[in-house]
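Here is what TrEMBL records for this protein:
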TRANSMEM  A:12-35  transmembrane segment
TRANSMEM  A:42-63  transmembrane segment
TRANSMEM  A:69-91  transmembrane segment
TRANSMEM  A:103-123  transmembrane segment
TRANSMEM  A:143-167  transmembrane segment
TRANSMEM  A:196-214  transmembrane segment
TRANSMEM  A:226-243  transmembrane segment
TRANSMEM  A:250-267  transmembrane segment
TRANSMEM  A:279-300  transmembrane segment
Amino acid sequence: MTNLAQLFFDAASLGGLYAMAALGIALIFGVMNLVNFAHGEYIAFCVFALIVPSTDAVAMMFLGRAPALVLILVVLALGGLIAVASEYAVFRHLRRADPVAMMIASFALGFVIRNALLAAYGGRPKAISLWPGLNTPVNIAGASVPLLQLIVIVTTLLVVTGLALLLKKTRIGLEMRAAAENFTMARLLGVRANRVITGAFALSGALAAAVALIMATQTGVADVKMGGQIMLVAFIATVLGGLGSLPGAVAAGFMVGIVSVVLQAWLPLDARPFRDAFLYTLVIVCLLLRPQGLFVPASAKPRV
Amino acid sequence: MSKLGVFDISVRYGKVPAVNDLTLHVTEGERVFVSGPNGAGKSSLLKAISGAVATSHGRIEMDGDLLTGCAPEAIARLGLSMVPEGREIFGALTVEENLRVGTGLRRDASAVEEDIADIYDSFPILGERRGAAAGALSGGQQQMLAIGRALMTNPKLIMVDEPSLGLAPKIVDQVYDTLCALQEERGLTLLIVEQSSLRAARVGGRMVLMRGGRIVGEGNAADMADRDALAAAYFGNSPTETEATT
């Protein structure tokens with residue numbers, strides 16, 4: 001029982017993190033048909049925004065010293081800002097370009113951000129301590145769970161419901177959903193392309209910032225590479241969920257998190273180092289069976 | 001008074017020309033059918049007017065405003081609405097959400113609710129299924145929804161691309177009855193792509209015949225339908241066509 005509860009919290013918090021990262025990618029893909037590979041670098045950027053630029057091994061907190069509420073709001077705003085700025089500087093000029101050209105541009109943008117971070121902070125991973133108190137364990141249902149895991153789970157639920165409400169209840173949400181389905185038609189009905197795309201990038205960047213805050217607290221490390229790793233998993237989750245499907249991205253993000261935690265726990269000891277190989281084999285099997293993604297609703301396809 | 005003026009426009013996709021130096025005028029309150037065989041450039045003409053595709057040459061005006069080079073959303077704001085080929089409703093959105101997408105450009109928020117109620121009056125089935133996913137509607141219902149959705153932008157000119165495509169004749173009758181009633185009621189100007197000249201003749205209006213990206217004949221739809229101009233457009237040269245192109 002203890003084990004199961006522990007497993008549940010591990011899986012739910014990791015899944016929540018993946019789900020938020022996947023949502024950030026799916027939002028942009030939905031309105032622009034762009035797989036934004038710079039998304040991982042948005043995450044890294046937000047983590048490094050917490051500390052003073054230096055090449056020391058132990059980082060001085062910069063933004064990280066601000067009171068929690070201010071810190072959270074500023075980092076979310078920074079994430080939104082870098083995403084919107086990158087749309088304005090790069091993707092806006094490629095709207096009529098081939099999706100492949102846009103994707104490659106996103107790689108290039110990712111390199112630029114990553115190397116800018118390397119230049120400012122050096123390549124060595126740094127220890128940072130953001131809210132260390134959150135890693136103290138609390139006892140729930142016999143399992144010893146770091147407080148942060150609970151916060152991650154609650155945050156994910158809040159973010160997902162908040163986003164769902166925004167998309168369902170607000171004007172900009174309606175326009176985003178319409179644009180995600182058929183951008184040209186939405187524009188023919190007077191929906192402003194720039195407004196929708198800027199909105200999607202701002203949301204996506206804020207999601208990257210949320211992921212960044214969680215990762216920084218959880219790992220206690222600021223590493224330029226951390227964005228790329230989670231970006232890969234999140235991208236797989238969006239493909240698995242059906243590219244562009246927001247509920248699909250959330251569900252698949254959770255699924256990937258749960259499966260990897262379960263594999264970690266239940267694989268024989270000798271096989272554990274190869275957990276990711278097992279995980280990705282399952283991904284391949286899923287895609288072979290449902291190449292269009294697991295959660296594409298039948299009603300999404302208009303009748304001819 | 002000229003509502004819509006298309007002056008000498010060309011549209012090409014890469015090197016493939018779709019519309020060649022076409023000029024067309026539509027007067028306020030008029031009903032104009034664009035007919036012609038597949039590949040004549042009818043849809044491209046509509047897309048060029050709505051801003052969905054760029055013109056390579058020429059200019060388009062509505063009420064004296066230049067549409068050429070404007071984004072589709074800017075053209076929609078000037079009072080032009082489009083019911084595209086294949087209807088292109090938002091299948092994952094509900095019926096009512098589909099209607100609301102086009103209301104963002106309006107300043108008269110209170111009139112929006114009345115207009116939605118009006119549309120449910122005109123199309124009771126849409127009212128009944130307002131909360132359902134639009135993708136679950138039948139083809140005819142989707143066509144009604146596409147027309148209702150176009151109306152929600154409060155347009156002065158509506159362009160309809162092949163409203164009869166894939167619909168049973170009885171449903172097509174209904175669609176045209178509705179369009180004509182709406183035109184009467186709101187003083188709309190209609191520009192309709194209709195491949196069946198007989199259908200156009202029955203509904204009545206002016207007909208413009210296209211072939212190879214050009215206008216090759218023009219006249220009252222009822223007269224055009226039984227003239228050999230049609231056979232000419234569809235099957236090859238005839239005196240009418242030579243007359244029109246020279």
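Numbering starts at 1 and runs along the chain as displayed.
Even glycines carry a Cβ here, placed using N, Cα and C.
Automatic prediction, not curation, is the source of TrEMBL annotations.
Counting Cβ pairs under 8 Å that are 6 or more residues apart, the transmembrane segment (A:143-167) and the transmembrane segment (A:196-214) reach 3 or more and are in contact. Under the criterion of 3 or more C-beta pairs below 8 Å, with sequence separation of 6 or more, the transmembrane segment (A:196-214) and the transmembrane segment (A:250-267) do not qualify as touching, having fewer than 3 such pairs. Count of Cβ pairs under 8 Å against the transmembrane segment (A:226-243): among A:12-35, A:69-91, A:250-267, the largest is for A:12-35. Residues 42-43, 91, 95, 99, 102-103, 106, 148-150, 152-153, 155-157, 159-160, 163, 176, 179-180, 183, 196-197, 200-201, 203-205, 207-208, 210-211, 214-215, 230-231, 233-235, 237-238, 241, 243-246, 248-258, 260-261 of the same chain sit 6 or more residues outside the transmembrane segment (A:12-35) yet have a Cβ under 8 Å from a Cβ within it.
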